[in-house]
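Trainee: Feature list, courtesy of Swiss-Prot:
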type	residues	note
BINDING	Arg47	O2 binding site
BINDING	His51, Glu57, His95	Fe cation 1 binding site
BINDING	Glu57, Arg99, Glu110	substrate binding site
BINDING	Cys125, Cys128, Cys162, Cys165	Fe cation 2 binding site
Amino acid sequence: MLSYGKPFNFQRWIDEHVHLLKPPVGNQQVWQDSDFIVTVVGGPNRRTDYHDDPLEEFFYQLRGNAYLNLWIDGKRERVELKEGDVFLLPPHVRHSPQRPESGSACLVIERQRPEGTVDGFEWYCDACGERVHRVELQLKSIVNDLPPLFDAFYESEEKRRCPRCGVVHPGKQGRTD
């Protein structure tokens, strides 16, 4: 039995869901309840957090251009994703996807997390590079689990204050370049 249905035209699927690929939703999961989290993410979209995924992530930039800010060895690096590019991100590489172009679309494939495996979400100080805040959770639903975590960070000056230099992270308006 084909529990995920028959083959379909992926481009047509994207066109039919394009209204969900922009703010405030920004993404749409292709299949539910599979071993893979297959998501199409649209732009524009900017993030100030860095995701610490315990597993690999696959990116295929379908339309437009995007980039990943990476946090490696205490410094920010940038990986460009041009239309047509694919990229496999190793586990535990802190990354912050940036999709500045309206109408852009990226296929992102991740594995479902085994029970007890946690994802981390981190924010860094724009002034000195120190990690300001980290939250860990067993990720079950990107749509339901993440907004409360992000809101808790953005709404708390205490959580946004750098422990090293005292500068307050600007929250949603933080650095994304």
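Heads up, the Cβ atoms here are built off N, Cα and C, so glycines get one too.
Keep in mind it's a predicted model, so treat the numbers as computed, not measured.
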Trainee: How long is the line from the C-alpha of Glu110 (substrate binding site) to the C-alpha of Cys165 (Fe cation 2 binding site), rounded to the nearest angstrom?
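Mentor: Between the Cα atoms of Glu110 (substrate binding site) and Cys165 (Fe cation 2 binding site), the distance comes to 36 Å.
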Trainee: Can you count the other CB atoms that lie within 10 A of the CB of Cys125 (Fe cation 2 binding site)?
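Mentor: Excluding its own Cβ, the number within 10 Å is 22.
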Trainee: Return one of helix, strand or coil for Cys162 (Fe cation 2 binding site), based on DSSP.
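Mentor: DSSP assigns Cys162 (Fe cation 2 binding site) to coil.
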Trainee: Within the chain of Glu57 (Fe cation 1 binding site), which residues six or more apart in sequence place their C-beta under 8 angstroms from its C-beta?
Mentor: Leu88, Leu89, His95, Val108, Ile109, Glu110
Trainee: How many Å separate the two farthest-apart Cα atoms among the substrate-binding residues Glu57, Arg99, Glu110?
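Mentor: Answer in Å: the longest Cα-Cα distance is 18.
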Trainee: Please report how many Å separate the Cα atom of His51 (Fe cation 1 binding site) from that of Cys128 (Fe cation 2 binding site), as a whole number.
Mentor: 19
Trainee: Tell me which residues of the chain lie with their Cβ under 8 angstroms from that of Cys128 (Fe cation 2 binding site), as long as they are six or more apart in sequence?
Mentor: Cys162, Arg164, Cys165, Val167
